[in-house]
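J.: Got a structure here, written out as structure tokens. Questions coming.
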Amino acid sequence: MDKSFTLNRLDNGIAVLTMDVPGETMNTLRAEFGPEICEMLAEIKADAGIRGVVIISGKKDSFVAGADISMLDACATAEDARELSKQGHEVFFALESLSIPVVAAINGACLGGGLELALACHQRVCTDSNKTMLGLPEVQLGLLPGGGGTQRLPRLVGIAKSLDMMLTGKQLRAKQALKMGLVDDVVPESILLQTAIEMALAGARPAKKPKLSTVEKLLEGTPVGRNIIFEQALKQVNKKTQGNYPAPEKIIDCVRQGVTKGIVKGLEVEAQHFGDLVVSNESEALRSIFFATTEMKKESGAGDVSPKAVNKVMVLGGGLMGGGIASVTTTKAKIPVRVKDISEIGLSNALAYAYKLLAKGVKRRHMTPAVRDNLMALMTTTTEYKGIKDADMVVEAVFEDLNLKHQMVKDVERECGEHTIFASNTSSLPIKQIAEAAERPENVIGLHYFSPVEKMPLVEVIAHDKTSPQTIATTVAFARKQGKTPIVVKDGAGFYVNRILALYMNEAANLLLEGQSVDHLDKALVKFGFPVGPMTLLDEVGIDVGAKISPILEKELGERFKAPAAFDKLLADDRKGRKNGKGFYQYGAKSKKKLVDESVYGVLGLTPGADGEPIALAERCVVQMLNEAVRCLEEGIIASPRDGDIGAIFGIGFPPFLGGPFRYMDSLGAKHLVETLKRYQDQFGDRFAPCDRLVEMAESGSKFYE
């Protein structure tokens with residue numbers, strides 16, 4: 001069997017230890033590497049001629065991308081996972097204990113266990129490549145750094161900075177890492193190895209104190225100050241997680257124990273907490289999302305069909321969505337885009353939108369002004385169909401008006417080539433209806449983005465019955481180039497995400513009309529795990545947008561989608577939400593705290609009564625979403641529970657720690673869910689009637705993920 005580690009002794013007394021996992025594009029750490037590494041370290045220790053060690057990767061753009069997450073699934077118990085952590089501790093302690101200098105030479109991803117390996121070295125040097133990123137992102141999988149990261153990072157960069165890194169999972173670029181003191185030098189890739197060798201030859205340096213500001217020194221230098229840091233971190237974590245994610249609190253505890261009781265105790269606590277987290281429901285759910293998205297990246301969306309190249313794009317409409325789509329096409333996909341709008345003002349807005357996003361990148365030093373200008377040069381504008389004959393894809397982002405979209409289809413087919421794909425960003429109109437105006441319906445597809453485009457990761461790729469596999473595969477590949485996570489869904493009103501969201505929002509509106517207060521409703525759903533509450537979401541999306549979609553869904557899907565009377569009353573008072581400064585909340589106020597616009601209750605003709613139990617309020621909204629998600633699976637709107645889970649998490653912020661609607665239903669049990677729906681059906685009517693698939697599953701005891 002090929003080895004993952006090789007040792008090369010140089011004439012100057014430096015040994016270069018190269019990690020290159022056979023058959024993999026990136027290095028990941030695995031439990032079975034432990035004996036191999038220990039064997040290498042013993043060999044180094046026994047050779048008096050070795051004056052220093054450089055650890056480097058044999059992969060092109062990856063130092064070590066982290067631990068192999070799949071090995072955690074083999075842990076049957078928390079104790080199994082603790083043993084993995086302890087094994088890592090032993091290996092890294094053996095490395096750290098070498099009496100000769102050990103230097104990590106880092107190029108590319110240095111994440112998770114990879115950074116913990118680097119932290120166990122005596123010095124670190126990294127390249128200035130854009131692909132070099134350093135971080136401990138374990139919290140995003142519901143875990144904590146289990147290889148000593150919670151102990152070595154605070155000692156190197158300070159308590160506050162290390163907590164910020166570990167609690168957010170943020171990844172640092174080379175210059176940020178240097179400024180923080182995480183690495184000792186940043187050099188071009190061409191001299192990385194030579195620099196690391198010179199550092200090792202220079203001999204061990206005395207341990208450096210963390211680079212701390214005056215305030216950080218005052219706080220971290222005393223027990224009282226350190227206590228303030230930990231208590232403040234706990235307070236912020238609880239506010240953000242609502243108690244739904246156990247990992248952040250355990251990270252804080254590991255650091256606290258290590259700082260107050262020493263590294264031996266800290267490592268013991270780290271292993272203990274790591275084991276508990278590995279077998280927690282939250283981490284299992286978050287890891288399932290990781291594996292699902294990794295799997296989806298390998299799929300074309302159309303079987304074995306390969307996508308065609310997209311070298312030029314046109315966007316119809318310079319509004320908020322059009323500007324956002326054009327922006328991610330140039331900045332992420334690096335594809336030239338031409339924006340068409342009937343108004344010069346619309347075109348100016350689209351350019352300004354893109355420039356504003358790029359300017360943020362310059363301000364944060366993620367790019368130079370020259371790179372910004374080159375990316376802006378990829379975007380051109382027009383009020384006519386000019387310069388688009390060779391466009392490979394046209395993305396339509398105009399109003400939800402079927403006649404207007406029909407005109408767009410005809411115009412594009414007249415002005416563009418026969419190969420050009422027409423992708424509509426409609427949020428509710430069936431693609432089949434849009435394609436009725438097309439001479440080449442096989443080129444027509446839905447490409448539903450979510451707002452704001454540059455932030456929301458999901459896109460729905462909607463194929464009607466005549467869309468060709470080639471069009472699907474090309475559109476999926478294009479969306480991935482834009483940095484999106486695409487799910488392919490079948491055509492139908494509301495598609496998947498808006499369809500399950502509509503019933504959730506309608507139920508929240510019903511609760512409002514029953515006398516629940518706006519902020520109490522929002523807090524109940526945020527406590528459940530959503531990033532924002534339904535009333536806030538309505539204000540952000542636009543109350544008018546919700547009101548337009550509801551009749552379409554009701555017409556196509558039936559009475560259960562009938563919108564509550566609240567929408568008409570709000571629009572009659574010109575309340576559209578944040579966009580016009582009038583909605584459920586106050587806008588333009590100087591107060592940092594978001595305040596309810598109390599006049600909304602008068603508009604709706606109600607007086608808020610006693611606040612209901614938050615869990616009960618959340619349940620009533622969420623079971624509607626769950627029931628409809630199963631209907632979508634039943635009807636083939638989504639291809640699998642996996643796609644349904646990813647769509648809900650990335651499209652509307654369904655609580656990730658629950659794993660998505662389908663994993664959550666498995667944890668509840670179909671029998672329990674059907675009983676809950678029937679109870680609400682008795683109280684509120686047939687909009688809560690459980691769908692056939694759920695009833696069958698309740699009777700058979702089956703699950704979505706067997």
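Any Cβ shown, glycine's included, is placed from N, Cα and C.
According to Swiss-Prot:
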{"type": "REGION", "residues": "1-188", "note": "region 'Enoyl-CoA hydratase'"}
{"type": "REGION", "residues": "308-706", "note": "region '3-hydroxyacyl-CoA dehydrogenase'"}
{"type": "SITE", "residues": "Glu116", "note": "site 'Important for catalytic activity'"}
{"type": "SITE", "residues": "Glu138", "note": "site 'Important for catalytic activity'"}
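Relative to the rest of the structure, where do these features sit?
T.: Proximity of Glu116 (site 'Important for catalytic activity') to non-local residues of its own chain (separation of 6 or more, Cβ distance below 8 Å) is seen for Gly88, Phe92, Leu136, Pro145, Gly147, Gly148, Gly149, Arg152, given in sequence order.
Long-range Cβ proximity for Glu138 (site 'Important for catalytic activity'), meaning a same-chain Cβ under 8 A and a gap of 6 or more residues, is found for Gly112, Leu144, Pro145, Gly146, Gly149, Met166, Gly169, Ala247.
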J.: Determine the mean pLDDT over the region '3-hydroxyacyl-CoA dehydrogenase' (308-706), rounding to the nearest whole number.
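T.: So the average pLDDT across the region '3-hydroxyacyl-CoA dehydrogenase' (308-706) works out to 94.
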